[in-house]
Amino acid sequence: MNQYVIAIDQGTTSSRAIVFDHAGNIVSTGQMEHEQIFPQAGWVEHNPAEIWNNTREVIGSALSKANLTRHDIAAVGITNQRETAVVWDKNTGEAVYNAIVWQDTRTQSIVDELAQDGGPERFKQKVGLPLATYFSGTKIKWILDNVDGARERAEAGDLLFGNTDAWVLWNLTGGVDGGVHVTDVTNASRTLFMDLETLQWDQEILDIFGVPASMMPAIKSSSEVYGHVHTSQLLRETPVAGILGDQQAATFGQAAFQPGEAKNTYGTGCFLIFNTGEEIVHSKNGLLTTLGYKLGDAKPHYALEGSIAVTGSLIQWLRDNLGMISSAPEVEELAAGVRDNGGVYIVPAFSGLFAPYWRADARGAIVGLTRFANKGHIARAALEATAFQTREVLDAVNADSGVPLTELKVDGGMVANEALMQFQADILGVPVVRPKVVETTALGAAYAAGLAVGFWKDLGELSANWNEDKRWEPQLPAEEQERQLRLWKKAVTKSMDWVDEDVK
């Protein structure tokens, strides 16, 4: 009966449920967008109740489209936007504040305060991450410090924290009626609180942040049965057996299981993950050290990650804020109407610059404008910004690993854009490879869940599912590639040193 696995993909802009068959093919999908809440400049929030309601809806939608019931589903996997922090009351099931999203920069003052003693890399050796607004830890502290009564309730043991994986899991397994409060190692590695070696919360760091340990979910592997769906839900009694943060899930879905393998996901942001195997590699080039995956009792696999805050969301900004396009695919048509970028470069530092710079004082800049520049040049510069940022991250990966990547596996929504993929190959100087199933994030979560219940027997079986769809070879002459890179790097410097006491 159990011929399928369902993955819940709780992303930055939408929540989806995708049903996969044994060959890793998509059977059906349910998807709902949720509201992006911007209370003030630099603040980004989601409504946790809306996310949970949408999750329930999309599960129903995916099942009904394929005419399936819970009896057809072997296991549930969860993947999620990482670092987005939810704090809720375990007695009522209600969030005490909106989810603070990974792009949110309101916690910069907390980062600055904590960095006074030991600098931004104060905890990096232990947790693999620099102090930055990006990670969950500063967001939890902000909620405890700023929401009336939150600290007292947390210290009394009434509040729970989770990234959205833990929020969805807790609700799926019963919520106030016995909900399981668990996260996996990949999500835990994005909080600033997990020791990379012990895979446990670090009490000393929790104390420094003023976060009670009672709030934190238990840390489990990425592939094991955490609990079963509550009897009040459509999927009742189905095991929930896989959790991976979205970028780690995409790496797993790309079958990048071996050291030296890597993928780049093109979504709201861009995230390049390079598998370092069982070795913890500390970056000297602005990358994060993170968990790749941990399967049950097996040893964990670690990874280096280059996180880019703004790529796909730059196209959304052209659509929603500027009204330059009415749908995201239009950007490719506009860009195709011009021969090159017309000397225009966009540095989309809306949340500062992430890897490899980690500059919170940067803000977005469009440089090289002349009267010659038109909408097509702006559209092309927006697409090229994604490729340039990826090149800088790949350079950092090559420097840290000492082993230059020979090709880049890609996935995510933007890989449908063929002009971007060709330019990406041109600016990297290595082939870019797209798999047949580009929903690798959901697929990775499905794989983790399916492995735990024996739906798939081993990693070899998963690797056999991976198939190439298309490959782009670099075509740009080396000297032109270098000229464009120099201009890009010059543009990046123009975005820095913007935020100071005059900038509200």
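Placed from the backbone N, Cα and C atoms, the Cβ positions cover glycine too.
Taken verbatim from Swiss-Prot:
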BINDING   Thr12, Arg82, Glu83, Tyr134, Asp246  sn-glycerol 3-phosphate binding site
BINDING   Thr12, Thr13, Ser14, Thr268, Gly312, Gln316, Gly413  ATP binding site
BINDING   Thr12, Arg16, Thr268, Gly312, Gly413, Asn417  ADP binding site
BINDING   Arg82, Glu83, Tyr134, Asp246, Gln247  glycerol binding site
Per DSSP, to which secondary structure element type does Ser14 (ATP binding site) belong, with helix, strand and coil as the options? strand
Binding-site residues near Arg82 (sn-glycerol 3-phosphate binding site), in sequence order, restricted to Gln247, Thr268, Gln316 and a 10 Å Cα cut-off: Gln247
According to DSSP, folded down to helix, strand and coil, what is Tyr134 (sn-glycerol 3-phosphate binding site)? coil
Gln316 (ATP binding site) versus binding-site residues Arg16, Tyr134, Asp246, Gln247, Asn417 - nearest by Cα: Asn417
Just how many other Cβ atoms lie inside 10 Å of the Cβ on Asn417 (ADP binding site)? 21
If you compare CA-to-CA distances from Gly312 (ATP binding site) to each of the binding-site residues Thr12, Arg16, Glu83, Tyr134, Gln247, which comes out shortest? Thr12
Using only the Cα atoms of Thr12, Thr13, Ser14, Thr268, Gly312, Gln316, Gly413, which the record gives as binding ATP, return the largest interatomic distance in Å, rounded to a whole number. 14
Only counting partners 6 or more residues apart, tell me which same-chain residues put their Cβ under 8 Å from the Cβ of Ser14 (ATP binding site). Gln31, Met32, Glu33, His34, Asn54
